[in-house]
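Asker: Okay, so TrEMBL annotates it like this:
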BINDING   Leu280, Arg281, Thr282, Arg283, Leu284, Lys285, Thr286, Asn379, Lys380, Cys381, Asp382  GTP binding site
BINDING   Thr286  Mg(2+) binding site
COMPBIAS  24-35  compositional bias 'Basic and acidic residues'
REGION    1-35  region 'Disordered'
Amino acid sequence: MSRVSLSFDDPFERFLRPPPGETPEEKAARLEQEEEAKRINAEIEEALKAERAASKRRRAQEVSILLLGESGKTTTLKQLLLNFSDTVFAEERASWRAVVFLNVITSFKTILQALAKELESTSDSPRSPADDFVIQLDGGTTARFAEMKMRLSPVLHIESALVRKLNGGTDWPNTKNGNASLQQPTEVSVRGQGWKKAFQSHRHQSAKANAGDGIDWDDREDPGVILNACRNEMMALWNNQRVRDVLKRQKILLEDSGFFLDQLDRITGRRYVPTDDDILRTRLKTVGASEHTFTMTSGPEKGMTWKIYDVGGSRTQRPSWAPFFDDVDAILCLAPISAFDQVLTEDKRINRLEDSINLWIELCSNKILAKVPLILFLNKCDLLKTKLDSGVSVKKYVPSYGDRKNDFPTASQYFQSKFEYIKKQHSPSDREVYIHLTSMTVRFRSSPFTSLSLWRKGEMALILLHICLLLVLDLHCRIWAMLCNPQSRQSMVSILSSGQYLAEHRRPGRSADLPFL
């Protein structure tokens, strides 16, 4: 039987021992190299230490927010940018101008498609409605539907050019053939913030671009030229009562695009530049993850950095992001409660409100995010009120709504109670959770918090977001009075946390016995 020899020598020793036959000169050179390596290593360690310290100081001046939700994130981000960094849109108005135009074109495609459907459904009558459908134009002239469609064809044709530019020169699938037919209007998606670069690079390349708004008014390919040339036909079509009746009969709500249609005289002007309110009301779907960083530009908090993370609204992306955001200051989730009668674009079997509820359950029950404060905006309340006022029944799409009144106060309270119940059932009892009714297309009128002293980072994120919300609800004076009094700040946090303030001052008659899920 052979004996196994075990060696307990240092495994690194043979690599560190001097080479055999080393001369004094070679030894001196080797030691010199070792000292140089030690010096370089010490410099690297010192640089890493300094970088960690600098990062820690930056974190003390940062607020990080994770934005979640199927809809409304971009508008919420625009609200934050407009109020906290007053110069953020200075070089982006040319980009947003194109989005406004695209929203207008999409609305007119919807209108023309609705009219074509209406005429087709009654084409068997002895006298074709197409002969009777007459639009009154300026100057006493008239145009039938077919003629009106032909007159507006240049407007429909520029859609593909706008979409290509928004997508960095890539054709959108529904417009790649350049056809201006009345195909089903599709919401255009762009990736992150890259879509703005095409317009900004054009601004720098064009010597004629206005220094203030970045728009080259002499550009022959400017879509505003075509819209301006077709403005009379567009306004006549939109203002026609028969058109409005058709849209109402087919239950077509143009949502925020309706705001632009009511402003056609201004928007189709030859030198139109979008206002802040216009930018807030634009609709542009973003996909993929993106990070938005901006710095406060005024007040004692000047220089404070906000980081907003948007991980995309797709249902398939949700399981992957949670481990990367367990250290954010707050998660802001948006649930569009006006979408109770709509389905998801990517899955027609899923109701949009149901999808928001599922996301809220996932957030509240996620153990990785158990210590992260949650802020839920039950968003698009203005659209919810418009739908209910137009006669859309909640009970038809949400059977558990029962025989309650089909009005905004009752419906909004009902939806809020459901989300509050989910919070109680699935979220840790010690977690900070805030739920509010909002409409992010309402422009914040002022920012009183710019004169506040810098609070602890986490409190700052939550309090500023709540102040913004309460400003939307016209509670500016009461909040400002509380903020000016240091002794009231802690009570303010407690009131906001319990929801007592909103219940007492903005929502009288709240029912306490709403049935839960």
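In case you wondered, yes, glycine gets a Cβ from its N, Cα and C as well.
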Asker: Counting other CB atoms within 10 A of each CB, which of the binding-site residues Leu280, Leu284 comes out lowest?
Answerer: Leu284
Asker: Mind checking how the compositional bias 'Basic and acidic residues' (24-35) divides into helix, strand and coil residues in DSSP?
Answerer: 12 helix, 0 strand, 0 coil
Asker: Let me spell it out: for each of the binding-site residues (Thr282, Thr286), count the other Cβ atoms within 10 Å of that residue's Cβ, using every protein chain shown. Which one has the most?
Answerer: Thr282
Asker: Would you say which of the binding-site residues Lys380, Asp382 has the most Cβ atoms within 10 Å of its own Cβ?
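Answerer: Result for the most crowded candidate: Lys380.
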Asker: Give the maximum pairwise CA distance in Å, whole number, for the residues Leu280, Arg281, Thr282, Arg283, Leu284, Lys285, Thr286, Asn379, Lys380, Cys381, Asp382 listed as binding GTP.
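Answerer: Of all Cα pairs among the recorded GTP binders, the widest measures 22 Å.
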Asker: By the DSSP assignment reduced to helix, strand and coil, which category contains Lys380 (GTP binding site)?
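Answerer: SS state of Lys380 (GTP binding site) = coil.
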Asker: Kindly assign Thr282 (GTP binding site) to one of the three DSSP-derived states: helix, strand or coil.
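Answerer: In the DSSP reduction, Thr282 (GTP binding site) maps to coil.
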